[in-house]
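Enquirer: Below is one structure. I have some questions about it.
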Amino acid sequence: MGCVQCKDKEATKLTDDRDASISQGAGYRYGADPTPQHYPSFGVTAIPNYNNFHAPVGQGVTVFGGVNTSSHTGTLRTRGGTGVTLFVALYDYEARTEDDLSFRKGERFQILNSTEGDWWDARSLTTGGSGYIPSNYVAPVDSIQAEDWYFGKLGRKDAERQLLSTGNPRGTYLIRESETTKGAFSLSIRDWDDEKGDHVKHYKIRKLDSGGYYITTRAQFDTLQQLVQHYSDRAAGLCCRLVVPCHKGMPRLADLSVKTKDVWEIPRESLQLIKRLGNGQFGEVWMGTWNGTTKVAVKTLKPGTMSPESFLEEAQIMKKLRHDKLVQLYAVVSEEPIYIVTEYMSKGSLLDFLKDGEGRALKLPNLVDMAAQVAAGMAYIERMNYIHRDLRSANILVGDNLVCKIADFGLARLIEDNEYTARQGAKFPIKWTAPEAALYGRFTIKSDVWSFGILLTELVTKGRVPYPGMNNREVLEQVERGYRMPCPQDCPASLHELMLQCWKKDPEERPTFEYLQAFLEDYFTATEPQYQPGDNL
């Protein structure tokens, strides 16, 4: 089974030098592609290794979120003798413009130019076609990134969310980078028993100094692939054998296309509004398509809502905010009526989802998990020194599998309507706003924390308006006098205590979103071990 005792000295090794930052990724070296000679060169002569970005040919650099290409994994030799790393498609992709390339999972590519960041100029070695491809849809041939079971930088909580999605059987699994141990991995498996029902168990995969991998020292392997094969054949002490890799959803693209990456103000006629999803004080939200190919959400703002110049300036910042729990801004039409084009979320706003949708049947564990997702997105906004200013369930969007994402961050600052800018006018969300922000305009990340506490009440009451029976003026007066909402029905006291922490009078005494995320993610698991003991296997 490829045990380390009989391993070849030249076996692939995992590098120890790993950067902990989000941008760097795994930092692996790969063995050679066993079949490079089968691919035609299409008459290419002396193509330099563009996978090295701007580095001189022959110097290995880190690409693809940490892939080190210095070993020329799966290399194609051109007539000039230069090796070019081959990449393989992880998903199907349909071209959105005439500049990009449609492809199917399993197709192999030669990368011609990777200087565009999220979009690479590539040639398919399957079809011979050329065009731009999204870089997060491919991985180096024969790398662990190319394995269906490898999920990379995925946190424990997100691993559990994915594994516990509807339709995954017992034995569904994935491997991810360990959050706690540099150079190690985690194996996460969906399990079931009479006491817990469906749940996830985590096993730490450790790395030997000699380059192998093990969960228990009694079974050691040259590669992660061999480890997976071993535990697919037999449980061998795990909760169950590995049955099927967890389904990977399509990765989100940061842009509509390579053309909108930098010039992302688009013509209004490129958008088709198909179905109205909602109607608010300042405009409407539509499901639509861009370029006749790509489903998007379009927020249309009533003329006069905000200055087009101010909006465009703020949108430049919003476009750079990228996180799994933030709705991605794709493009804008900045002439009035302003259009804001974002990723489409299938279940609409969290408020509508809780009041009238599937959310009515959700139990506390799901509601707390949704709160944890919002806290994770806000923790990112906190790290980026940004402020939301209008955090409430109406501005949280819901997708498949109860995924929650934050929308409309930063827009509230730009609204010019007098009924809003007065801060105590009819259109201003007094009941969600911290007193120092409502009274004195002091909006900070700590006033967002106050709003998050109000959002928690919306979750546990399935969308009930905060401070029932009180109007805006009464709320402002009572809160200033120290009134706080009592514990909602069926809400645990510990969760209400968290709300009260968010509503501290002194903003600096309120918790950080980093703390709120950790508290909520561990709300039901704080007494359980994070990892199963490997040496007991």
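Positions of Cβ are set from backbone N, Cα and C atoms, glycine also.
Since this is a predicted model, take the numbers as computed values, not measurements.
Below are the features I grabbed from Swiss-Prot:
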| type | residues | note |
| --- | --- | --- |
| ACT_SITE | D390 | active site, proton acceptor |
| BINDING | L277, G278, N279, G280, Q281, F282, G283, E284, V285, K299 | ATP binding site |
| DOMAIN | 82-143 | domain 'SH3' |
| MOD_RES | T12 | phosphothreonine |
| MOD_RES | Y420 | phosphotyrosine |
| MOD_RES | Y531 | phosphotyrosine |
Enquirer: Hey, of the binding-site residues listed (L277, V285), which one tops the CB count within 10 A?
Expert: V285
Enquirer: What count of other C-beta atoms do you get within 10 angstroms of the C-beta of G283 (ATP binding site), across all chains shown?
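Expert: Taking all protein chains shown, G283 (ATP binding site) has 19 Cβ neighbours within 10 Å.
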Enquirer: In DSSP terms, helix, strand or coil for D390 (active site, proton acceptor)?
Expert: coil
Enquirer: Taking the Cα atoms as reference points, how far is N279 (ATP binding site) from D390 (active site, proton acceptor) in Å?
Expert: 17
Enquirer: Would you kindly give the Cα-Cα distance separating G283 (ATP binding site) and D390 (active site, proton acceptor), rounded to the nearest Å?
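Expert: Cα-Cα, rounded: 16 Å.
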Enquirer: What's the number of neighbouring CB atoms sitting within 10 A of the CB on the residue listed as 'active site, proton acceptor'?
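Expert: Summing over all protein chains shown, the residue listed as 'active site, proton acceptor' has 23 other Cβ atoms within 10 Å.
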Enquirer: So, by DSSP, how many helix, strand and coil residues make up the domain 'SH3' (82-143)?
Expert: 3 helix, 30 strand, 29 coil
Enquirer: Around N279 (ATP binding site), how many other C-beta atoms are within 10 angstroms of its C-beta?
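Expert: The Cβ of N279 (ATP binding site) has 8 Cβ neighbours within 10 Å.
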